[in-house]
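Record features (TrEMBL):
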- 12-115: domain '2Fe-2S ferredoxin-type' (DOMAIN)
Amino acid sequence: MQDAAARAPQQHAVVLVEDREGKLHELETLEGWRLMEILRDHGVGMDTNCGGSLACAECHVLIDPAWMGRLPAPSQEELDKLDELPLIHENSRLSCQILWTDDYDGMKVTVAQAT
Ligand code: FES
């Protein structure tokens, strides 16, 4: 039996985030949480949102293009809310609609500028 002290410490999957000031963060994640909740709880630009009810689009993020194909496609409701923003990109997503799984470990995300 392996001694507890000899075991590697528990490692969480991480998301790599560029905030609105261009500062980079490596944030620990929790599987099953919404990406917006992870960003909010780390204090990275999600402080004025609607709590994930698709009412505000304040949780707008840009997903690294290399990761876009690994995420489930957005719902029509998410696309409709994104369309209300003055500026969106091909890699725009609403982070409250992304349910975190450890398969996303290392994903890169940029918090979109407030509009
Ligand atoms: S938190 Fe309001 S739409 Fe995502």
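Glycine is no exception: its Cβ is also placed from the backbone N, Cα and C atoms.
In the predicted structure, the domain '2Fe-2S ferredoxin-type' (12-115) carries a mean pLDDT of 95. Using DSSP to sort the residues of the domain '2Fe-2S ferredoxin-type' (12-115) gives these counts of helix, strand and coil: 25 helix, 24 strand, 55 coil.
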